[in-house]
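Everything on this sheet refers to the single structure shown next.
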Amino acid sequence: MASVPRGENWTDGTVEVGTHTGNLSSALGVTEWLALQAGNFSSALGLPATTQAPSQVRANLTNQFVQPSWRIALWSLAYGLVVAVAVFGNLIVIWIILAHKRMRTVTNYFLVNLAFSDASVAAFNTLINFIYGLHSEWYFGANYCRFQNFFPITAVFASIYSMTAIAVDRYMAIIDPLKPRLSATATKIVIGSIWILAFLLAFPQCLYSKIKVMPGRTLCYVQWPEGPKQHFTYHIIVIILVYCFPLLIMGVTYTIVGITLWGGEIPGDTCDKYHEQLKAKRKVVKMMIIVVVTFAICWLPYHVYFILTAIYQQLNRWKYIQQVYLASFWLAMSSTMYNPIIYCCLNKRFRAGFKRAFRWCPFIQVSSYDELELKTTRFHPTRQSSLYTVSRMESVTVLFDPNDGDPTKSSRKKRAVPRDPSANGCSHRGSKSASTTSSFISSPYTSVDEYS
């Protein structure tokens, strides 16, 4: 993934340190923003590089990445806003779900994992990364250098695959609702597996992290044993696994779900429960699609930055490359703060939860309806008995020819029509089969709370 602007290889007079930039953790961990080689050409940031003898360069590696104070203040404000909104917003989301029994659904458990990942990246990575990117100086020691290169990839992997798990769960709940849903234990196993895979993917970043103390400068970087080619290959794999592949899965699943939910309703269906549950499912799917699209848009410029600067290395000497990096990194990190805002705007229960969290504000009023939203559980009385039991309780309806006169004396009885067990008390008056069309609407394993 993208890296901070870099210069050429440089040495401290003993060991050559290559600027093998281009990783997720360099935006997440800014691992290798190394010193520019002094010379007559402009620096990677477009700042004039002083002409020094090689011995002077080795002895005086000072920070050449200097910005005006007003620009530093603006960037600090922008990054500080991301951290504040992301940390507090996601912590409130976690509280809303875990503190209210009604909110503890399969989908929401994955949202807890997503919120934890986003809050962790914002709290432990964003500002540290910003400081390193701004000053090109590592102030935080060797242990945090390893953590900074390891944890961000882990957290982003957990975030994107939590969204993928939600997409697959929505797909199964809507397309094949008669199958049992994930239990709480199974959900925990899935979440645990996501984190284990994330740790394995990010482990090389921790293994090869190094600190280099130079005269006037300390650097945190990842030194791959086989050099830049191995580094580039690894991070292309990271881009595929934490961006392209999960987005492909979610694109396919949400497309199928969208066609199912918005492709048309059952002709003549007059059941209120059907419409209520269909509307609730549409809201949840729409909310998650917005979350996924937001993530994709926020991270796209960052990945493009990495690929372009890795292939066209002369871009690292462009005058405004530092500003491009800081902007793309800010946009990527801002993805951690949008989800709580999306939940609050599109989901009435999360909105009620945020009102409760901010009830101390004089302009926030929590109504009795908001309290009930988080405390009351509403189950649909659909399929109170099993499908097999209903199928044995077929109600026989006898139809008469209207031309027969008195139906009590007519012997021209039509074929008995069994009651459709999937109709759920709704009247279906269309040619479309109610048993196939409405099967994705009601399931004995879900309630309205799962979708509202």
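The backbone N, Cα and C atoms fix where each Cβ goes, and this holds for glycine too.
Positions annotated as compositional bias 'Low complexity' by Swiss-Prot: 432-452. What Swiss-Prot records for CYS145-CYS220 is disulfide bond, and it gives sequence analysis as the kind of evidence. Taken from Swiss-Prot, the feature N-linked glycosylation site applies to ASN9, ASN23, ASN40, ASN60. Positions annotated as S-palmitoyl cysteine by Swiss-Prot, on the basis of sequence analysis: CYS361. Look at Swiss-Prot and you will find 400-452 tagged as region 'Disordered'. Here Swiss-Prot flags 1-71, 127-146, 210-232, 309-321 as topological domain 'Extracellular', drawing on sequence analysis. The feature topological domain 'Cytoplasmic' is assigned by Swiss-Prot to 95-104, 169-188, 258-286, 347-452. According to Swiss-Prot, the feature transmembrane segment maps to 72-94, 105-126, 147-168, 189-209, 233-257, 287-308, 322-346, an assignment based on sequence analysis.
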Closest-packing stretch to the transmembrane segment (147-168), where packing means Cβ pairs under 8 Å, from 72-94, 233-257, 322-346: 233-257
Non-local residues, at least 6 beyond the ends, that sit with Cβ under 8 Å of the transmembrane segment (287-308): 1-3, 22-23, 27, 159-160, 163, 166-167, 170, 235, 239, 243, 247, 250, 254, 258, 315, 324-325, 327-329, 331-332, 334-335, 338-339, 342-343, 346-347
Least buried by Cβ count (within 10 Å) of the recorded positions CYS145, CYS220, CYS361: CYS361
CYS361 (S-palmitoyl cysteine): secondary structure state under DSSP, collapsed to three categories: coil
Distance, the residue listed as 'S-palmitoyl cysteine' to CYS145 (disulfide bond) (CA atoms, angstrom): 40
Integer Å distance between the CA atoms belonging to CYS220 (disulfide bond) and the residue listed as 'S-palmitoyl cysteine': 43
Contact yes or no, the transmembrane segment (322-346) and the transmembrane segment (189-209), 3+ Cβ pairs under 8 Å, gap 6+: no
Confidence summary for the topological domain 'Extracellular' (210-232), mean pLDDT rounded: 88
Per-state residue totals over the topological domain 'Cytoplasmic' (95-104) - DSSP helix, strand, coil: 8 helix, 0 strand, 2 coil
Tally of DSSP helical, extended and coil residues in the topological domain 'Extracellular' (309-321): 9 helix, 0 strand, 4 coil
For the topological domain 'Cytoplasmic' (169-188), the number of residues DSSP places in helix, strand and coil: 12 helix, 0 strand, 8 coil
Number of helical, extended and coil residues in the topological domain 'Extracellular' (127-146), per DSSP: 15 helix, 0 strand, 5 coil
